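Structure below; questions to follow.
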Amino acid sequence: MTKHCNNFVITIDGPSASGKGSLARKLANFLNFQYLDTGKIYRIIAAIFGISAQNNLKIDSNLEERILSLLLEDSNTTLYNNEDIGKIASILARHKHIRLALLPIQRRLIYSAKSGIILDGRDTSSVVFPNADFKIFITAQTSIRAQRRFKEMLHQKKQMYKTIHQQIIERDIRDTYREFSPLIQVKDALYINASYMTKEQVFSYIKEKIKTYL
C-alpha cells in the first residue's frame, strides 16, 4: 500500500500504441504537471545492461541517481525508443524482481513532484500508485493501434502492417498474462476506447472529466 501523497497524481494505463503517452504529455503540459513515462525506466535499464539485467539487477544509490537523471532529461530519446532496446525492455519487464527493484524510483519521483504528476504505463494504477487521485485506462482495437504505429514508422523505415499488427498482439499477450504486475483495468479507472477518437477528442474528453477533481 502506498502512503498518502500531497501531490495530485494521475495514472494512465493502456496497451501498446493506445495513445496513453501522447495523452499524458498533453495533460502534463495543460496542467503544468510533471510527466513520467514509466516504460522509459525499463528502456534505460535495457540500454545500460542489456538482457543480462534479467539475471541479477541490483539498484544501488549511484545507479538510482543515474536512472533519475536520465529519466528527467529529454536527450537520447531516439536511443531509448530504439526497436531493439524496446524488445529487451519488454523481456525485462516480465521479471518480478526487476519490477520490484524499480518501484522505489518511480514512487520517489511521485512524492518529489512539486505540484502534480502524470504517469503512463501498464501498471501505474494497479501497482505503482494505486492511491492515485485520477485513474485512466485507455485502449483501442489492435488493428487501429497497428495502423497508428504503421503511420508513425513510415518516416523511420518501412515495415509491413501485418508485422506491426502481430507484434502488437504478441505484446498485449505478454503484458496481460505475465505473472507479476500484468496490464489490467482497475475498477475505479475511467475507461476510454479510443479506436475511433482522435488525440484531440480524447484530450478534450479527459479535460472535462478531470475538472471536478482539481
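Cβ atoms here come from the backbone N, Cα and C positions, even for glycine.
The domain 'Cytidylate kinase' feature in TrEMBL is assigned to 10-211. Under the heading ATP binding site, TrEMBL lists Gly14, Pro15, Ser16, Ala17, Ser18, Gly19, Lys20, Gly21, Ser22.
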Other Cβ atoms within 10 Å is the metric here; tell me which of the binding-site residues Ser16, Ser18, Ser22 scores highest.
Ser18
To what whole number does the mean pLDDT across the domain 'Cytidylate kinase' (10-211) round?
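Mean pLDDT, the domain 'Cytidylate kinase' (10-211): 89.
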Using the centroid of the Cβ atoms of Gly14, Pro15, Ser16, Ala17, Ser18, Gly19, Lys20, Gly21, Ser22 as reference, list every other same-chain residue with Cβ within 8 Å of it (recorded ATP site), in sequence order.
Leu23, Asp120, Ile138, Thr139, Ala140, Arg145
Translate the DSSP assignment of Gly14 (ATP binding site) into the three-state scheme.
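SS state of Gly14 (ATP binding site) = coil.
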Would you count the other C-beta atoms found within 10 angstroms of the C-beta of Gly14 (ATP binding site) for me?
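28, counting other Cβ atoms within 10 Å of Gly14 (ATP binding site).
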Counting across all protein chains present, how many other Cβ atoms fall within 10 Å of the Cβ of Lys20 (ATP binding site)?
28
